[in-house]
Amino acid sequence: MKKIKTEKVMASVTDYMKKRNLEAGTSTGGQTTEQQAGVLGLVSPSTPNSFTFSTTSTHHSHIDHQYVRLKSWMMEASEPCRSELSQVLFPLFIHLYLELVAGTGRQAAKKFFVKHYQVFLVNRDYENILSQVLNAATVNSGDMTSSPVIQNLKSGKYMVRLSELTLNYFLRYLKATENPTLLQIFNTYIEVEVDDSGAGSTGAVFRTPDASGQANGLVNGHTPESVTPETMSASAEGMDCTQEELQKVREAIARIKCSQPTSPSLCVYTVSNAYNGLSCACVNAEGRYLSCGFEDSVIKIWKLTPPVHNVGFRKTSSVTGPRGGISHKLLACDSSRLEDESNGLEEDEKDEDTVSEARSGGRRRNRGGELFALRGHSGPVLDTAFTHDSTHLLSVGEDTTMKLWNLELGQAVAMYRGHNYPVWCLAVAPLTMYVATGSYDTTAMIWATDYTYPLRTLAGHTQAVDCVAFHPNGAYVATGSSDRTIRLWQITDGDTARILLHHKSPVNTVAFSPNGKYLASGSEDGTVLVWDLAGGQVLSELSGSQSSSSNIDNVVHTDPVVGLSWSPDSALLTSASSDGFVRTSHLRQSAIRELNFDSEGIPAWELSEVCQVQCGASTNGSYGGNCGQLLHISLTSHNYLTAVTALDVER
């Protein structure tokens, strides 16, 4: 089989040399030329392992491009080729990283590592090797050969088991794409065992030569003497743990599912001495910026200092989908990974501040504090909202207009007209750049930031539209009105899909659950409702009449509800009212068997309290001496709540 591999590799080399106008063979004197010898030595299977690093091009962009293209090609392959080729990816990644450390320096190599390492964290042995290599490259960046870990990697080989079909498929790719760096690593550090038995792969096995020159194999991190039948069984099934370990993990997951959910942390920001009349507030999805609209037509932007538990979280670089592209949750056990990235993040933030300073005409931006005072409205600013990338801000006001602000320049770049009366609220769609606004003129409008006129006018309410919210799929928008109704609209044609009737007072706020099944609404009398969108029915109600005013420890909401926020799994609902109380409730089916179904045979649901916090005094001073008001609450992409309160809002 090794002979077959040698012939196929040499055939690929011959084709590669022909494309480079090189001829395989000997010169007139019977000796190969120096250039031919270099290429043949690069890919010849008989070349011994060496401690030296590659002399091929190690430019960061070239290697990153080759690796990304290889991953995309593997993902497009059909089974079983895709599963077999996945073994090759980890050895290639490790040695490409070492090539970058030796050739281009630690900074470029670190960018490559941080960009691609997450896919290997599902394997504990791979994760352990990554940690060792990263530490070795950091400590011994000046002399890579002095590290025992890297010496071990450079002297040994990864053995992978491929079928003849998969091997031919991979060789054809290397020949067609002409990747000399990948070809050298594949030939020097990867040993292929051709196996057409279809027994399956145990993953890439690292082998180091012993004193006698024989190879010592490691099966998923175990030496042959330490391999137990359970380990071999787990390896045959493609797992990196035994059945007992897997069972313990399953039991832990079951206990977590049955336990009481934990309320997210709450970070409260207070605007003091709001003598010019604070009318609205908004925090962006990452919890980095705060915008406040005032009655004197000014909008102020602050850069927020992140809470202690947020230190180490990376900034989201791209936004894809309604969840903002977040696919990996960081836990306490990830602290080592966070520390590895902290230095690079600080440098990135410095570069970002430098660029922002240059774009803003040399104005220095502090790491915390006021950034801009935006002026352009001719009346009170009634609502603001950040775009998904937080580079722009949208605002509406009493002057009937909506404005788009560039936060890099601190200037208004567009103004939108369409409403005839003050615009109370606005919302940005999760998947597109659609924007919805609600006005005192009883209509809601759908906008696109590319056009200064509305695309749709949603007419049907009989009084002012006080709140708007987009469905997670971006195809529907909900509006709440002073006429005590909630309407669900289709964005494509502007038709009404649902009319929800149950509130007894004006609806102040609405919020869709991330799974798109439920809608929460809060009203002026402190009532919170959860709706089933499929049936248009109320699932659960949280009313101020359910609690006694004398029992402050278990108060629901007695003042108007000003904000609602769902947890990412749609299990927890956080509601906030202007009395300063923030209540987190767990939406679940009723635990009482007799009440498990209502009169219509629909399972009964309830909002059971998980946590309750008072972060501000009531406007009438009933729970504190200072007057204050809670204006905003939202859940950031890092899974903690932010609330904004204001003092001295009533002059």
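Just so it is clear, glycine is given a Cβ too, placed from its N, Cα and C backbone atoms.
Here is what TrEMBL says about this protein:
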COMPBIAS  341-355  compositional bias 'Acidic residues'
DOMAIN    60-190  domain 'TFIID subunit TAF5 NTD2'
REGION    340-366  region 'Disordered'
REPEAT    374-415  repeat 'WD'
REPEAT    416-447  repeat 'WD'
REPEAT    458-499  repeat 'WD'
REPEAT    500-541  repeat 'WD'
REPEAT    554-583  repeat 'WD'
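Secondary structure counts, DSSP: the repeat 'WD' (416-447) has 0 helix, 19 strand, 13 coil. Distant neighbours of the repeat 'WD' (416-447): 321-322, 379, 382-388, 394-404, 453-459, 461-470, 472-474, 477, 479, 481, 489, 491, 494; these residues of the same chain sit at least 6 beyond its ends, with a Cβ under 8 Å from one of its Cβ atoms. Distant neighbours of the repeat 'WD' (458-499): 322, 424-432, 434, 436-446, 505-516, 519, 521, 523, 531, 533, 536; these residues of the same chain sit at least 6 beyond its ends, with a Cβ under 8 Å from one of its Cβ atoms.
The repeat 'WD' (374-415): residue composition by secondary structure is 0 helix, 25 strand, 17 coil, according to DSSP.
Note on the repeat 'WD' (500-541): DSSP counts are 0 helix, 24 strand, 18 coil.
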